[in-house]
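Report on one structure; see the data block that follows.
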Amino acid sequence: MKFLYGIVFIALFLTVMFATQTDGCGPCFTTDANMARKCRECCGGIGKCFGPQCLCNRI
């Protein structure tokens, strides 16, 4: 069972790392009220906070 948890953790980690590298903007913090605006500006007007990440390919 620990092996399965390890595989799931690695898959999740790699997914987050890949998404962060391909989209280039910083994380979205829920404590910052202007985070959605900062994410949009970082992505040239098309960015959107998706969970803790700012993704530039989300509309």
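Any Cβ shown, glycine's included, is placed from N, Cα and C.
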**Study point:** CYS39 - recorded disulfide partner, Swiss-Prot, among CYS54, CYS56
**Key:** CYS54
**Study point:** According to Swiss-Prot, the disulfide-paired cysteine of CYS43 among CYS49, CYS56
**Key:** CYS56
Point to revise | Residue among CYS42, CYS49 that, according to Swiss-Prot, closes a disulfide with CYS28 | key: CYS49
Study note, to complete from the structure: For CYS28 (disulfide bond), the closest of the recorded positions by C-alpha position, picking from ARG37, ARG40, CYS43, CYS54, is CYS54
Exercise for review: Out of CYS39, CYS42, CYS43, CYS49, CYS56, give me whichever of these disulfide-bonded residues has the highest number of other Cβ atoms within 10 Å.
Suggested key: CYS39
Review point. Minimum Cβ neighbour count within 10 Å among the recorded sites ARG37, ARG40: which residue?
Key: ARG37
